[in-house]
Amino acid sequence: MVPSNGAKVLRLLSRRCLSSSLIQDLANQKLRGVCIGSYRRLNTSVGNHANVIGDYASKSGHDRKWINFGGFNTNFGSTRSFHGTGSSFMSAKDYYSVLGVSKNAQEGEIKKAYYGLAKKLHPDMNKDDPEAETKFQEVSKAYEILKDKEKRDLYDQVGHEAFEQNASGGFPNDQGFGGGGGGGFNPFDIFGSFNGDIFNMYRQDIGGQDVKVLLDLSFMEAVQGCSKTVTFQTEMACNTCGGQGVPPGTKREKCKACNGSGMTSLRRGMLSIQTTCQKCGGAGQTFSSICKSCRGARVVRGQKSVKVTIDPGVDNSDTLKVARVGGADPEGDQPGDLYVTLKVREDPVFRREGSDIHVDAVLSVTQAILGGTIQVPTLTGDVVVKVRPGTQPGHKVVLRNKGIRARKSTKFGDQYVHFNVSIPANITQRQRELLEEFSKAEQGEYEQRTATGSSQ
């Protein structure tokens, strides 16, 4: 007996499932992989028994998802396709329009738009609106796709209609079964989709929103280091309800949408997907009232102040990261991070070039000619610098290790002193007479050298 195309595929799937060490390894972590049955069981199944491929539990214990391998029957052959024709909540809209953001929106914008709409459209807040729950589900579905980078990239590539059609069949990337020869279907792509989806659950960003601020520093504050208090607006846990979203003492009620299980089921072709209940967030319970201060969002917009330590040697446009002091997470996970970008003002005396600094020193005519000593400013105070006789404009001297200490290092840069010569615009009569005598003497020496050279 020659097995059908469907049987061949099922054989590959069962072997892949039973021999895969990856799923077994994941059992020791947060993911259980249970593959039940064999080729014989799969090939002869006539019921709707579902074999669990994997399950997932989030940090909070509320967000769970099971992907179930649906029932196969003996008539499953070469003409069956993974594509489906199921309806979609948003058949006439794209996900970006649902959330009211542009296609170039950043992750933070998408998250902000979602929380705003979720708060506005939550069924508990719109008990008189029969369409509120549907709208809430639309917003949640759009956010579920756009918050995940890989799903969003796929969505942008194939477009809304193609994505919805394929998603209704359970496999965003499948090509379906072709007539007779299989049409390019690769059964391993199915397991790739399963594994990818499962791992993506772990890779999804958790925590509150990151905050970015600018901080103005003087030149010396950047060079020597300092402490600054940064104040900014961000999401903060609601004080009224303690971040719970409901008034203290509010009684819990069993969620009617999921009957207290915390999960709802979606049937997509051969797949039965159980996902977190959108109404109760997987808790299995709801509340009769919500907090009036945060309107159930658990967080409110407020002002926050954080003390930031600036290391010595920072430079203009440097960005410092202060972990977990950003926006509060409505789900109760870790706060976001604070990113402080520095704007360092220019100094009237010092010019910076990496760890080195440059200063100008102005010499009088006589100092340049005769030499001597001058005082030069440094980062730690004035020092005396020797001027060689005959110093020309533009000459420089180097003061070793008088520059800036490099960040997180014990090494210092150098200081460069650039000499300029100041020519007086006004002089006294005596100074003129002396300069004229100097000029005559200089001219005489020149003529004498010329005459001596000619006689030779």
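The first residue you see is number 1, and the count goes up from there.
Positions of Cβ are set from backbone N, Cα and C atoms, glycine also.
Pulled from Swiss-Prot:
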type    : residues               : note
BINDING : C238, C241, C291, C294 : Zn(2+) 1 binding site
BINDING : C255, C258, C277, C280 : Zn(2+) 2 binding site
DOMAIN  : 94-159                 : domain 'J'
REPEAT  : 238-245                : repeat 'CXXCXGXG motif'
REPEAT  : 255-262                : repeat 'CXXCXGXG motif'
REPEAT  : 277-284                : repeat 'CXXCXGXG motif'
REPEAT  : 291-298                : repeat 'CXXCXGXG motif'
TRANSIT : 1-89                   : transit peptide
ZN_FING : 225-303                : zinc finger
Under 8 Å for C-beta pairs, could you tell me which stretch among 238-245, 255-262, 277-284 has the largest tally with the repeat 'CXXCXGXG motif' (291-298)?
238-245
Inside 10 Å of the Cβ of C294 (Zn(2+) 1 binding site), count up the other Cβ atoms and send me the figure.
24
Helix, strand or coil for C280 (Zn(2+) 2 binding site)? Use DSSP.
coil
Taking the recorded Zn(2+) 2 site as C255, C258, C277, C280, identify the other residues of that chain whose CB atom sits within 8 Å of the mean position of the site's CB atoms, giving them in sequence order.
K256, A257, N259, G260, S261, G262, M263, T264, Q278, K279, G281, G282, A283, G284, Q285, T286
Kindly report the helix/strand/coil residue split of the repeat 'CXXCXGXG motif' (291-298) according to DSSP, in that order.
0 helix, 0 strand, 8 coil
For C280 (Zn(2+) 2 binding site), which residues of its chain lie six or more apart in sequence with Cβ-Cβ distance below 8 Å?
C255, A257, C258, G262, T286
Cα-Cα separation of C277 (Zn(2+) 2 binding site) and C291 (Zn(2+) 1 binding site), in Å?
21
10 Å Cβ neighbour count around C258 (Zn(2+) 2 binding site)?
22
